[in-house]
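Below is one structure, written out as structure tokens; the observations come after it.
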Amino acid sequence: MKALHFGAGNIGRGFIGKLLADAGIQLTFADVNQVVLDALNARHSYQVHVVGETEQVDTVSGVNAVSSIGDDVVDLIAQVDLVTTAVGPVVLERIAPAIAKGLVKRKEQSNESPLNIIACENMVRGTTQLKGHVMNALPEDAKAWVEEHVGFVDSAVDRIVPPSASATNDPLEVTVETFSEWIVDKTQFKGALPNIPGMELTDNLMAFVERKLFTLNTGHAITAYLGKLAGHQTIRDAILDEKIRAVVKGAMEESGAVLIKRYGFDADKHAAYIQKILGRFENPYLKDDVERVGRQPLRKLSAGDRLIKPLLGTLEYGLPHKNLIEGIAAAMHFRSEDDPQAQELAALIADKGPQAALAQISGLDANSEVVSEAVTAYKAMQ
């Protein structure tokens, strides 16, 4: 089996690329970073530090790399069996034209063996969004062929891969946590279902997408925002602060109550999942900066994301949400010189006041009780 993976960054190398290569799949990375491309093509291998209770070093080998802009990547799309991405939600639109060109070439070469494309991004149904961009870039006469022969498979991914400086200045070395979860929608594949250790197949993807969004992402963001306010440097420092831990755990329990109502998750198993996530935040090997985790607060405060979406669920089912409100208020306080969204958030609050600003960002009704609760919590933090 041959695969092309867009994005040779830390998540690409440390998570998806590693699983594919470990499964014996012939893997090529596509990226724009020439230093990384040159290193991959010189060595065809790299090291991954897997850290949890213990630390181990795995070597990923037999990999190649091409530029994601150029003819090589188009040629590969015409030949491979699987295309995966870990490029970040914003970049999906930028890689779509190259994918479209590759699919046209595949059609021209009469390659009708099934191709499956899986976007492994921190977003809900990212592959469906990528498909929209690819379809827009395709000529009309290729669209029906692509619908017939190409599967666009949505997935939920979960593994913390913090940026970490290599002790050896090796541009390929990467550190990842032991935990990893890659859940894919088995109803969207073309052809036979792949057997890749570490890839879990489900016919109820949204339950797992929301479980991760409402637990890991919600908890991570609130830890970062409260941690930043309290002057902590890392996620570990923040979650070891008992006051912060109580709010984060409470928020995950509130969002968990929504999941249990909506999808029928087992309450005891979900409580154990929350404990596992708190343990991941404490991982001493992951020097995960609160500023990195908190960045892009406008996106994180939008209606479909990790703070507002679970809050809307609590309103839908008439459930408590005090800790989620605390997290939202802390997010409104997020300031970072390196993050344009943090600056935009500050300007919006200064210009319109917290009530109108939160309503504009989140889509919540400015006159609603929850916005009033969030504004009260926001002011109490000043």
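Note that Cβ sites are derived from N, Cα and C of the backbone, with glycine treated the same way.
According to Swiss-Prot:
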- ALA3, LEU4, HIS5, PHE6, GLY7, ALA8, GLY9, ASN10, ILE11, GLY12, ARG13, GLY14: NAD(+) binding site (BINDING)
- LYS269: N6-acetyllysine (MOD_RES)
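Fewest Cβ neighbours within 10 Å among the recorded positions ARG13, LYS269: that distinction goes to LYS269. DSSP assigns HIS5 (NAD(+) binding site) to a strand in the three-state reduction. Comparing C-alpha positions, LYS269 (N6-acetyllysine) sits nearest to ILE11 among the binding-site residues HIS5, GLY7, GLY9, ILE11, ARG13. When the binding-site residues GLY7, GLY9 are scored by other C-beta atoms within 10 Å, GLY7 scores highest. Under 8 Å, Cβ to Cβ, and six or more positions away along its own chain, HIS5 (NAD(+) binding site) finds GLY12, ILE16, GLY17, LEU20, LEU27, THR28, PHE29, ALA30, VAL83, THR84, THR85, ALA86. Counting every protein chain shown, the Cβ of ALA3 (NAD(+) binding site) has 24 other Cβ atoms within 10 Å.
Taking the Cβ of ILE11 (NAD(+) binding site) as centre and 10 Å as the limit, one finds 22 other Cβ atoms among all the protein chains shown. According to DSSP, LYS269 (N6-acetyllysine) sits within a helical segment.
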